[in-house]
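For reference, TrEMBL has these:
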type	residues	note
DOMAIN	6-120	domain 'Tetrahydrofolate dehydrogenase/cyclohydrolase catalytic'
DOMAIN	139-279	domain 'Tetrahydrofolate dehydrogenase/cyclohydrolase NAD(P)-binding'
BINDING	GLY165, ARG166, SER167, VAL231	NADP(+) binding site
Amino acid sequence: MTANLIDGKEIAKTTRSRIKEDVEQLIEQGTIPSLTVILIGDDPASHSYVKGKERACEQAGITSVVKRHPESFTEAELVEEIRTLNEDSSVHGILVQLPLPKHIDETVVLDEISPHKDVDGFHPENVGQLLSGGEGFVPCTPLGIIEMLKLTGIEIEGKHAVIVGRSNLVGKPVGQLLLNENATVTYCHSKTKDLYKHTLDADILIAAVGRPQMIGVEGIKPGACVIDVGVNRVDGKLIGDVQFDETKEIAGWITPVPGGVGPMTITMLLHNTVLAAKRLGRCNDRS
Ligand SMILES: NC(=O)C1=CN([C@@H]2O[C@H](COP(=O)(O)OP(=O)(O)OC[C@H]3O[C@@H](n4cnc5c(N)ncnc54)[C@H](OP(=O)(O)O)[C@@H]3O)[C@@H](O)[C@H]2O)C=CC1
Ligand SMILES: Nc1nc(=O)c2c([nH]1)NC[C@@H]1CN(c3ccc(C(=O)N[C@@H](CCC(=O)O)C(=O)O)cc3)C=[N+]21
């Protein structure tokens, strides 16, 4: 059997044209959705991701502003900048590109972003909303994964979802979303013993580790849906966390890298920015 490919690029394209219509409607009503990205330091990968975000905003009609700062930018300066953006009613979404330089405390910074503008969904208030089933912002990569599964028609309810990776950015929130969709969820991580014992039972396997091709075909249940979140640059090429060529022969569904989860992450950033603009617009109407 050869797996069906989940074409993230194509799904992202369709979803982005829907978002663009929403943006046009908002603009007619007098609101131009706007995202500000803060980027510190000169990590080439971060600069390249941010470029991708800028391009996607432009195509969707969303205003994007990138504040680029040198590695020496201080935590106090960053907090001050975030406070100014929180107060600025023309800014709907704020994103601080991670990772931050070592001298800046990520928790301090992420807590400072207004939860109403936190389009990454990293603020504790939004994390709490995700746990309690509230209406906060959901992190983009996990949201993109669920959207892909739904639009592809893959059933989640009652399925065993196994997640390899438990980061705040991807692993934990994607598990919570799958649980909210009535999957049975297992988390694996670096201390997990006998990893494949767990992954071999996965109907839906989410690989979010950041180690090139660490999950081999021997860890895949035939017919499973395999979502590869890993983006690893090896010899100038992008490689996922799953051994794609072998796995695609036995899996039911698989996402490629590149062209899988990545384009959906950016699409959900656009989605969250539009959502923030709609919600903040409503607040301003009331005041
Ligand atoms: N496509 C996209 O849109 C995005 C892709 N990514 C990519 O996804 C990958 C993961 O990102 P992120 O979650 O931020 O990474 P982190 O480094 O924050 O987390 C990695 C996780 O993998 C676990 N892990 C490490 N080694 C092993 C092992 N040998 N066996 C099992 N688990 C292991 C860690 O366990 P422990 O907690 O015990 O340390 C940790 O929970 C990266 O390649 C990143 O580039 C990230 C965001 C968006
Ligand atoms: N505050 C914050 N929010 C994030 O969401 C965030 C972050 N920091 N730091 C880094 C990670 C990583 N990430 C990716 C986004 C898009 C692609 C993506 O579009 N990838 C393309 C390939 C792009 C390329 O060619 O380089 C693909 O997989 O097809 C990948 C990775 C978001 N992250």
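Cβ atoms are placed via backbone N, Cα and C, with glycine included.
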DSSP three-state assignment (helix, strand or coil) for ARG166 (NADP(+) binding site): coil
Integer mean pLDDT for the domain 'Tetrahydrofolate dehydrogenase/cyclohydrolase NAD(P)-binding' (139-279): 98
Neighbouring C-beta atoms (10 Å sphere around the C-beta of SER167 (NADP(+) binding site)): 15
Secondary structure of VAL231 (NADP(+) binding site) (DSSP, helix/strand/coil): coil
Pairwise Cα distance maximum in Å, NADP(+)-binding residues per record: GLY165, ARG166, SER167, VAL231: 16
Contacting binding-site residues, sequence order - GLY165, ARG166, SER167, VAL231 vs ligand 2, Cβ under 6 Å: VAL231
Three-state composition of the domain 'Tetrahydrofolate dehydrogenase/cyclohydrolase NAD(P)-binding' (139-279), taking helix and strand from DSSP: 54 helix, 28 strand, 59 coil
GLY165 (NADP(+) binding site): tally of other CB atoms within 10 A of its CB: 23
Under 8 Å by Cβ from ARG166 (NADP(+) binding site), same chain, sequence gap 6 or more: LYS172, GLY175, TYR187, CYS188, HIS189
Spatial neighbours of VAL231 (NADP(+) binding site) that are distant in sequence (at least 6 apart) but have CB under 8 A: GLY210, LEU238, GLY240, VAL257, PRO258, GLY262
